[in-house]
Amino acid sequence: MNSLLLAVIGIAMVLGGYFLYSKYLASRVYRLDPEYATPAHTQNDGVDYVPTNKFVLWGHHFTSVAGAAPIVGPAVAVIWGWLPAFLWVTLGTVFFAGMHDMGALWASARHRGQSMGMLSGRYIGARGRSLFLVVIFLLLLMVNAAFATVIKNLLIATPSAVIPTWGAIVVAIVVGQMIYRWRMNLALTTVIGVVALYALILLGDAVPIALPEDSAAPLWLTILFLYAAIASLLPVHVLLQPRDYINGVQLFIALGILYGAVLFASPAVVAPAVNHNVPEGTPGLVPLLFVTIACGAISGFHGMVSSGTSAKQLDKETDARLVGYFGAVGEGLLALGAIIAATAGFATLANWEEVYAEFGNGGVGAFVSGGATIVNAGLGIPGGLSATILATTAILFAATTMDTGVRLSRFVVQEAGDLMGLRISKVVGTVVAVGVAVGITFSMGAGGDGGLQVIWPLFGTTNQLLASLTLAVVAVILLQRKRNALPALVPLVFVLIMSVYALIVQLGTFATNGQWLQLVLDVIILVASLWVAFEAAIAMVRAWRGPEITDDAETAAASASAGGSED
Amino acid sequence: MSTVRRWWHGVSEGLREFYVAPYRRTFARARREEDDLFTLIVLSEALGVPNPASYYTIELLPLIHERVHDWHTRMGMDRSPLENVSCC
């Protein structure tokens, strides 16, 4: 199979989904109305609720949801062959992710921009809301451990990425100063920032830094967590804001480089379509594929971004199609790029099998080495430099996710403290949040070595669980309006069954290996999953049997309670 | 020429929005917290807390008057805690 053909088929599938299926969803299922006054207009406050140009909003939405996850998941999952991962990413994007993200936007925009947590409280019940908080907490708990492991693996595998990884922090701080202190033109600042980042990549390529082999893993993890703790305590305009911005721009450049290289090199996919010769210890394709690739096929995190922020900025309700559905398409394309890099960037099948010698072994490292070969062949950039570019890109995504992850975990710890009547300071909250993440990371193996194969599927499962909750809310709203709820119900049932199945499979693995912390986490997520299924079923039966609720009645009710509290 | 300028203006505006929007809420919150502290300082004498700078802050009372209602409801007080400032 030629990778260019694979890319063309994949792109055609997701674009077909955008032009056909999202049109159907917009007109028949969600019935988006260009005349509907969105919360951005009715509640315009210049802060959260601001009508925003749909292309700019798409840019935010896409860069908020895209990160390292759509690279890591597919790069791990191609161990079962390229075809299962390809089909799950493309069909998942078209029928699951696009529908889910657009649905979350629509549901939120029809309810004064309320977050999914609030909506689950309303449509699934008070317990639904508590459940939502529990799932978010679990997701945050794992995201920091998972991404720290990803970065650590990359820093060890690609020593040339060390300088650009840490240098990017300085670039971000300087960019922040250029904008806030020196008030420089943003377009010019952007160019300077990106050029500086690529200069650091060149420098890093010339001066690789490798830590002593036996202490590299624990050392990098310690430095990473220390950095994340400090970064999350700094004022956002100093580091996080410019860092997110430069990363957003870099995301588009990296995607351009990768797809441009595939276009010119069009290498053959050396990995088998379906791998019948998987290494010993690899779990079954069903159900693990469907939780290994979460972002890129369907991800609950998107629902949080859609309902929490993007919905409050929709200028017209019909923009939900571009912002929500095409946002998912963008992420699907990133995942597709990862699949191609991790399957086509190797000279022979034997080389590929060497990299994928164990489950969880290939992962993002395979994306970097495979992608580098393709970029080298397609654009003529030396292999080592290409690897540095891709490794830096992946690390920067993972690092910004970690920065935000630690910050959000701290908020959760502080809120939990408030509920118990304790006032927890910023520093103590951060120490607790980072401490838990460090505990999980180091419990996965000596010195935090390896471990991605353990934490990644658990992370994916939690993400799917969150998606199930959003889909359940969307399904209940559709059932109440007596519309076709199947586009939400089919993904909901599929994702829930696969998550529960995967949790049971992993439970056996953890028990056999004696990984008790993971076992406890698994049991908690399993209970939450079954609970979601139970609550969602009750709410849906109630909505199905209940009277029809029209959009007009809903709008009237919303405006009547407009003075009520917001999340 | 004007088309190019308009295009450049559009790109700059788009980039600015791309930079500012994700953190708009964070900054608005931070600003509100600072304003709250300022409000508290200006109202301190009226709330019974001696304020050595009240000679100066008393002049600012009319300026923060509009914000008092928003402030006390956010602080969890349904009614104004001040006898001489009754906003609701």
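Heads up, the Cβ atoms here are built off N, Cα and C, so glycines get one too.
Straight from TrEMBL, the features:
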{"type": "DOMAIN", "residues": "A:2-343", "note": "domain 'CstA N-terminal'"}
{"type": "TRANSMEM", "residues": "A:6-26", "note": "transmembrane segment"}
{"type": "TRANSMEM", "residues": "A:62-80", "note": "transmembrane segment"}
{"type": "TRANSMEM", "residues": "A:86-109", "note": "transmembrane segment"}
{"type": "TRANSMEM", "residues": "A:130-151", "note": "transmembrane segment"}
{"type": "TRANSMEM", "residues": "A:252-273", "note": "transmembrane segment"}
{"type": "TRANSMEM", "residues": "A:285-305", "note": "transmembrane segment"}
{"type": "TRANSMEM", "residues": "A:325-350", "note": "transmembrane segment"}
{"type": "DOMAIN", "residues": "A:360-502", "note": "domain 'CstA N-terminal'"}
{"type": "TRANSMEM", "residues": "A:385-406", "note": "transmembrane segment"}
{"type": "TRANSMEM", "residues": "A:427-448", "note": "transmembrane segment"}
{"type": "TRANSMEM", "residues": "A:454-479", "note": "transmembrane segment"}
{"type": "TRANSMEM", "residues": "A:486-504", "note": "transmembrane segment"}
{"type": "TRANSMEM", "residues": "A:516-538", "note": "transmembrane segment"}
Stretch with greatest number of CB pairs under 8 Å, the transmembrane segment (A:486-504) reference, A:62-80, A:252-273, A:285-305 candidates: A:285-305
Taken over the domain 'CstA N-terminal' (A:2-343), the model's mean pLDDT: 91
Residues in the domain 'CstA N-terminal' (A:360-502) grouped by DSSP into helix, strand and remaining coil: 120 helix, 0 strand, 23 coil
Contact call for the transmembrane segment (A:62-80) and the transmembrane segment (A:385-406): at least 3 Cβ pairs under 8 Å, seq gap 6+: yes
Recorded stretches the transmembrane segment (A:325-350) and the transmembrane segment (A:6-26) touching, at least 3 CB pairs under 8 Å: yes
Among A:6-26, A:252-273, A:385-406, A:454-479, stretch most in contact with the transmembrane segment (A:285-305) (C-beta, under 8 angstroms): A:454-479
Contact yes or no, the transmembrane segment (A:454-479) and the transmembrane segment (A:130-151), 3+ Cβ pairs under 8 Å, gap 6+: yes
Cβ contacts the transmembrane segment (A:385-406)/the transmembrane segment (A:130-151), at least three under 8 Å, sequence gap 6 or more: yes
